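Before any comments, here is the structure.
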Amino acid sequence: MYEYQEDFIRFALDRGVLRFGRFTLKSGRESPYFFNTGLFNSGTALSKLGRCYVESLVRAQIDFDLVFGPAYKGIPLATAVAMALAETRNRDVPYAFDRKEVKDHGEGGRLVGAPVEGRRAVIVDDVISSGISIREAAELITAEGGTVAAVAIALDRKERGRDEVSAVHEVEQTLGAPVVPIITLDHLETYLADHGGKGDTLDAIRQYRARYGAA
């Protein structure tokens, strides 16, 4: 585990973004942990989050020239990544996002921000559950003449999707592009084991993974 990944887990815990307990997910599964990037809700938090996304993309050697944020949650995430690229890598990368509702006046259309045509986009989101929002974003990008270079997420839960493979793997197969997480469930387990995490919490996560983890 890299230092930035350990820092990210610690920061997520401090902010209450990552919590342990009993949580019912949209899938109906009862999870021993919950991850809510909506609590990265200040300038300092978004700045740190953006830098972590950038670090993961750089280490994965992703070649891209546009950052795309699916509405609504992905919009501040994409903005944070674009700013972090400028601040830490001296790269002035344009960004764009979509509207949930088509605008029929002014500039109109579904997309806001930089032109997508001819660009290699990184789609930025928090996690991948069903993958629907990611696939919709990819369709918008390709319809506008762009391509998807990668998908950047904060956490890969490494859970099964519709089949035995993970929802992340399903997205990779569908888009033909890699999914790059800041951390995975592997990193979280390692962090808890190395930092004296409560034994019952770590056991609960391992039991959950044994039941719902991807093959």
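Glycine too: its Cβ is placed from the backbone N, Cα and C atoms.
Model, not experiment: these values are computed from the prediction.
Record features (Swiss-Prot):
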{"type": "BINDING", "residues": "K26, 72-73, 99-100, K103, H105, 125-133", "note": "5-phospho-alpha-D-ribose 1-diphosphate binding site"}
{"type": "BINDING", "residues": "F34, F35, S129, R157", "note": "orotate binding site"}
Checklist entry - Looking at the binding-site residues K26, K73, K100, which ones sit with their CA no more than 10 Å from the CA of S129 (orotate binding site)? => result K26
Checklist entry - Within 8 Å of the Cβ centroid of the orotate site residues F34, F35, S129, R157, which other residues of the same chain have their Cβ? => result L25, S31, Y33, V127, L155
Checklist entry - What subset of the binding-site residues K73, D126, S130, I132 lies within 10 angstroms of R157 (orotate binding site) at the C-alpha level? => result none
Checklist entry - So, in DSSP terms, is I132 (5-phospho-alpha-D-ribose 1-diphosphate binding site) helix, strand, or coil? => result helix
Item to check | K26 (5-phospho-alpha-D-ribose 1-diphosphate binding site) CB neighbourhood, other CB atoms within 10 A | outcome: 7
Next on the checklist: In whole Å, how far does the CA atom of S130 (5-phospho-alpha-D-ribose 1-diphosphate binding site) lie from that of F35 (orotate binding site)?
Outcome noted: 16
Checklist entry - Looking only at F34, F35, which of these binding-site residues has the biggest number of Cβ atoms within 10 Å around its Cβ? => result F35
Checklist entry - Taking F34, F35, S129, R157 as the record's orotate-binding set, what's the max Cα pairwise distance in Å, rounded to a whole number? => result 13
Checklist outcome for this item: Spatial neighbours of F35 (orotate binding site) among the binding-site residues K73, K100, D126, I128, I132, using Cα within 10 Å, are D126
Checklist entry - What does DSSP assign F35 (orotate binding site), in three states? => result strand
Checklist entry - Quick one: Cα separation, F34 (orotate binding site) versus K26 (5-phospho-alpha-D-ribose 1-diphosphate binding site), in Å? => result 11
Checklist entry - Hey, does DSSP put R157 (orotate binding site) in a helix, a strand, or just coil? => result coil
Item to check | Secondary structure at D126 (5-phospho-alpha-D-ribose 1-diphosphate binding site), reduced by DSSP to three states | outcome: coil
Checklist entry - Here the binding-site residues are I128, I132; which one has the lowest number of other Cβ atoms no more than 10 Å from its Cβ? => result I132
